[in-house]
Every structure is written in structure tokens, then in C-alpha cells.
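Per Swiss-Prot, the features are as follows:
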type    : residues                     : note
BINDING : 8, 9, 10, 11, 12, 13, 14, 15 : ATP binding site
BINDING : 59, 60, 61, 62               : GTP binding site
């Protein structure tokens, strides 16, 4: 079990850091009273491995309860919990700018100057910062870079291309475009096996249809360009912190052409070491509905 205590200065990026940890599979709890950490830790142990990565956001918002944090940390240490403290900070200038941009007051100076609250918070958090395992100064960190840093420190060591979950999805336009699609490709320009009597009963997963679709010159040109486009887009999506990508391939009924093309794209991405899954949404939909217009 791995505990990460996320703390630091208000406005330094704890929310974004927590989102990044959540994307990495951490069970995240925001603003838990520090005194409850021991009980929470024991509850996680009793989950029997169902909760094995935890991120607790603890900051000055806890008010008088914040002073209980050190006692709780000692409890974790005494009971051999694998815990780490992540401390986020930024320069006064950057913090003031962020507060002004969001039109928020500082929690330690709700009716006064922002800089006064920042100075007070720095003083109160000095000891906690000294105990931190990792300190990140976000003054010059774009969100993308912070995500990369969090992944480097607290990820599971997967290659960067494995941090984006890709789904290749075939569908039929007659049943609607999948609403969660990121990229949609229309392959109805490819000759349709439906109109060839000996191919009509099969699907794009069967060799006769697959061989027919992939042998078309239109298919070869399309797959070549699609492969190049995916190879260009995916690393850029990863850099921007995107965690899920749905690539939808559509034909008329979602049984022949889109299935064969989706299978080919899936294999191509798999060979390039991307984390990819395959789904054929409408492959049997026409049969189930008794509609043979594919």
C-alpha cells in the first residue's frame, strides 16, 4: 500500500496534482481532518488490497485540525505504512497572480492582503516542508509539465505511451455516432462486401470479408494515412495529459467495412506498444433487428 500526503501552499497546484494522481489510479481524499488519518489508513488495510494507492490532500484549510498532522504522520511511521509527503510551492509573485486571476482570497487572510496570507502560510508549513520527500516548485510549471512530473514520481513505471488508454470502436452510422468519440472516420467510401452474395453473410472479422476489404486500393491508402495520423496525434495527446482516446470507425451498418478497418488499426497500434482495446459496437445489430441492409 502506498500513501501520498499532498500538501503545500494554497494556489501552488495541489488540485491539479491530485487529479494527476487520480488518473494514475490513486484513491484521492481531499481535506481529510489529519486526526482521522490513522482510522482511514486502517480502513484501507481492511479493504484487502482493493485500495492500495491513496492520496490525501492536507492543507491549511484544516484550521486547528492541521496541527494533528504530525501526530498522524508518526502513527503511519510507527505502523510501517509506506507513506510519502509531496509538498507543492511557488513564488510569492506567482501565487499572488493566481489568486488575483481566480478572484479568491487567501484562506489565512480572507479580509486582508493576499501576500500577508502567503507569508503566514509559509511560516506554518516550514516544518512540514522540511519533512517532505518531494518538493515541486510550480512557479514555471505548465499543467502538462506538472502531470509529467507527478507521473514520473508516482506512476507505475509504464512507458509513457501506455499512459493513454485507446479504444478503437467500429460502428454503423445508421445506429448513430458513438457520443464519446474523440476521432470519427467514415469508411463508407470503401467498396461494400454486402453487395457480394458470397460475402454478405459474414462479418469483418471473418477471413473472406477481411481479405476483400483490405485488398481494396482505397483501403490501403486510407490505412497508411490513418496509421501516420495516429502516430502523430497520440504522442501529442499524451503530452497534453489526455488519458483516454476513442477512435471510432463507421460504415453503414457496422458489420463489414468498419469492423475490418478497426481490426487493422487495432493491430497496428498494438504493434507500436500503445495501450489499446477493440470494440465492435454494432457488428450483430442488423441481425438482431432483422435488418439486412448493411
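Including glycine, each Cβ sits where the backbone N, Cα and C put it.
Overlay of Swiss-Prot annotations on the structure.
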{"residue": "8", "record": "ATP binding site", "DSSP (3 states)": "strand"}
{"residue": "13", "record": "ATP binding site", "DSSP (3 states)": "coil"}
{"residue": "59", "record": "GTP binding site", "DSSP (3 states)": "coil"}
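In sequence order, the binding-site residues near residue 8 (ATP binding site) (Cα within 10 Å of its Cα) are 59, 60, drawn from 59, 60, 61. Note: residue 13 (ATP binding site) has non-local neighbours 88, 90, 136, 138, 141, 146, i.e. same-chain residues 6+ apart with C-beta under 8 A of its own C-beta.
Around the Cβ of residue 14 (ATP binding site), 21 further Cβ atoms fall within 10 Å across all displayed protein chains. Counting every protein chain shown, the number of other Cβ atoms lying within 10 Å of the Cβ of residue 11 (ATP binding site) is 26. Summary for the binding-site residues 8, 12: the Cβ-based neighbour count within 10 Å is maximal at 8. On the backbone, the CA of residue 14 (ATP binding site) and the CA of residue 59 (GTP binding site) stand 9 Å apart. Sparsest Cβ environment among the binding-site residues 9, 60 (other Cβ atoms counted within 10 Å): 60. Within 10 Å of residue 61 (GTP binding site), counting C-alpha to C-alpha distances, fall the following of the binding-site residues 10, 11, 12: 10.
Other than the site residues 8, 9, 10, 11, 12, 13, 14, 15, same-chain residues with C-beta atoms no more than 8 angstroms from the centre of those residues' C-beta atoms, the ATP site, are 59, 88, 89, 90, 138. The binding-site residues in question are 10, 15, and the one with the fewest Cβ neighbours inside 10 Å is 15. Considering only the binding-site residues 9, 11, 12, 15, residue 60 (GTP binding site) has 9 as its nearest partner by CA-CA distance. Here the CA atom of residue 59 (GTP binding site) lies 11 Å from the CA atom of residue 12 (ATP binding site).
The Cβ of residue 59 (GTP binding site) lies under 8 Å from the Cβ of 7, 8, 10, 14, 31, 66, each of which sits 6+ residues away along the same chain. Neighbour density for residue 61 (GTP binding site): within 10 A of its CB lie 13 other CB atoms from the protein chains shown.
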